[in-house]
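Enquirer: One structure coming up, written as structure tokens, with questions to follow.
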Amino acid sequence: GKYTCGETCFKGKCYTPGCTCSYPICKKD
């Protein structure tokens, strides 16, 4: 996809579309 994951989760959520929290880092769905 056009989005890149890898930001830190914030309260278990990722704000980048298509990403989910794999604590502590957001990973692609």
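Including glycine, each Cβ sits where the backbone N, Cα and C put it.
Since this is a predicted model, take the numbers as computed values, not measurements.
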Enquirer: Quick one: which of Cys14, Cys19 does Swiss-Prot link to Cys5 by a disulfide?
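Expert: So the cysteine paired with Cys5 in Swiss-Prot is Cys19.
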Enquirer: Residues with Cβ closer than 8 Å to the Cβ of Cys14 (disulfide bond), same chain and 6+ apart in sequence?
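Expert: Counting only residues 6 or more apart in sequence, the Cβ neighbours of Cys14 (disulfide bond) under 8 Å are Cys5, Glu7, Thr20, Cys21, Cys26.
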Enquirer: If you measure Cys19 (disulfide bond) to Cys9 (disulfide bond) at Cα, how many Å is it?
Expert: 10
